[in-house]
Ligand code: ADP
Ligand code: MG
């Protein structure tokens, strides 16, 4: 689960690190008022969307308008807000369709001496979190990683013990910090690492982390994501979820207990088990097709779940055929066919449906399918199923 910059900054501030003063706004009036509240000198108006690259991003409706803008008067703050609120911001991370900006965050403008990069991710190779820092802050870190990887300094740390003082010193020397900045980092870096571990984050990125003219470390941007599988133990974080930022079909699937990921192809897939779903997608591709989604109905698919799964698959207008691939292990194949036929009626299929079943009571299940009189193509094995579903597209 991703959250907005202003929410991430609030959490980081609660964890003890310094963030600029800011006000969350939903209207141009609020933005103008926030400018005054913040002291009426330099302020920054920032679009709140679940994507980075906002500073360089531009609005579809106003191609000159950046997603992050510095303002020097209440009138200027208001004018910018009017061009941002309700409009569509396109950045390198949003894709061409962009994202609608519904919230602005107005912040005090800081005197920046240096922009650094700080990121924490879970490194599967190290088997734990790793803190990464670079003096190349404020810009696209992907480019630094690709062209000059030696400029990114890494310190894997233990989630329980946190970042060790020697690791802080390592980073400070490499970044060329002076004594005052080192003292700051001695508090700041372990605090951010502890925040990451305590909240089961999957990513925490501060780009830029700034060093101010008076040697303070301040979080200027915050991109934070939490591990969905750990959210059950962080109930208060769930309130920060912004469903308008998430894929509508994926939200709907989540509510029905289905694992669904929307993809670009045109063959809808309904499968039980994540591993089988992955191999099904591979086979479709092997035989020249493109999967429209990943969908795992889990171990105990019932009529309601299968119906909802079909509805979600068919709500994607790209879907031109559907492949159901079920292995009846704990679930019996005939039970699945029963659910399938009931759902088929309820949903009202308009595209070809290919079904491959294997496992307990498979013969009985195939007979039921054949006897149903429905226009359902039965497949004998995985390859047959993939060929048949791809074949329906060229037919
Ligand atoms: P994004 O990464 O989405 O482009 P940032 O929050 O990093 O958005 O802002 C882009 C740039 O705007 C920063 O690199 C920084 O130079 C400037 N900036 C952002 N917030 C402030 C602020 N409070 N004071 C001064 N400059 C800021
Ligand atoms: Mg940034």
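Positions of Cβ are set from backbone N, Cα and C atoms, glycine also.
Unlike curated entries, TrEMBL annotations are predicted automatically.
The structure displayed is predicted, hence computed values, not measured ones.
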Check: Where TrEMBL shows 329, 330, 331 binding substrate, which of 266, 272, 293 is named for the same site?
Finding: 272
Notebook entry, point to check: Closest of the binding-site residues to residue 221 (Mg(2+) binding site), Cα to Cα, picking from 46, 110, 272, 329, 330?
Noted result: 46
Notebook entry, point to check: Measuring Cα to Cα, how many angstrom lie between residue 46 (ATP binding site) and residue 331 (substrate binding site)?
Noted result: 51
Next item on the list: For ligand 1, pick out the binding-site residues 55, 272, 329, 331 that have a CB under 6 angstroms away from one of its atoms.
Entry: 55
Check: Closest to residue 54 (ATP binding site): which of the binding-site residues 207, 272, 329, 330, 331, going by Cα position?
Finding: 207
Next item on the list: Can you grab the distance from residue 115 (ATP binding site) over to residue 330 (substrate binding site)? Cα atoms, rounded to a whole Å.
Entry: 56
Checklist line | DSSP-derived class (H/G/I helix, E/B strand, else coil) of residue 207 (Mg(2+) binding site) | finding: strand
Note to self: Need one number: mean pLDDT over the domain 'ATP-grasp' (9-235).
What the structure shows: 95
